[in-house]
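Here is the structure we will look at.
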């Protein structure tokens, strides 16, 4: 039996503009992809979200995604910390990959932690559980993104997601790549905390535009956007 969840969206902002920020009002989470923004845009985002007059109802996620895990960041660990630290008092969550988990304790004093991993393959059941345990050791909300090779893999990921939900363990699950892009829609229905979307420029291959995802969820679940 499928337990229908109330789906949530996260919009990945890759550049600063009034139009993007206006679109973000229709998302449940707002992710700032710092690795895809230039210095001026990062400064503009900080100024905007530091202004009490510009507060959104949606929690803000500060993310610096490494090349290793599908992003653009190629600096040192110190460079990574320098990018995220200005957001410690602004963002509700900091996305931390396993390679930077040593900084989780310091950042957790000021924000929640999304502990993330992006895999270029579909792990087996044991590895999924081990990865989940590892991410929960330093984060509040694990994010596991895999690359499925078949529809069977997608069903396995959905089953894993549902098992976390039933165990009252919050989690974000999703897929990489465009071949099974439609699986992004499914995971929130099985308990994934949110699905990441874009507002004109995709932050990852296969991402849906936010307006399209909201329309899909409205049709499936009667979600109000």
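Glycine is treated like the rest: Cβ placed from N, Cα and C.
In the record from TrEMBL, residues 12, 31, 32, 33, 65, 207 bind 3-dehydroquinate; the candidate from 98, 168, 184 listed for the same site is 184.
The Cβ neighbour count for residue 118 (active site, proton donor/acceptor), using a 10 Å radius over every protein chain in view, is 20. For residue 33 (3-dehydroquinate binding site), other Cβ atoms within 10 Å of its Cβ number 25. The binding-site residues considered are 12, 207; of these, 207 has the fewest other C-beta atoms within 10 angstroms of its C-beta.
Put simply, residue 118 (active site, proton donor/acceptor) is 15 Å from residue 33 (3-dehydroquinate binding site) when counted between their Cα atoms.
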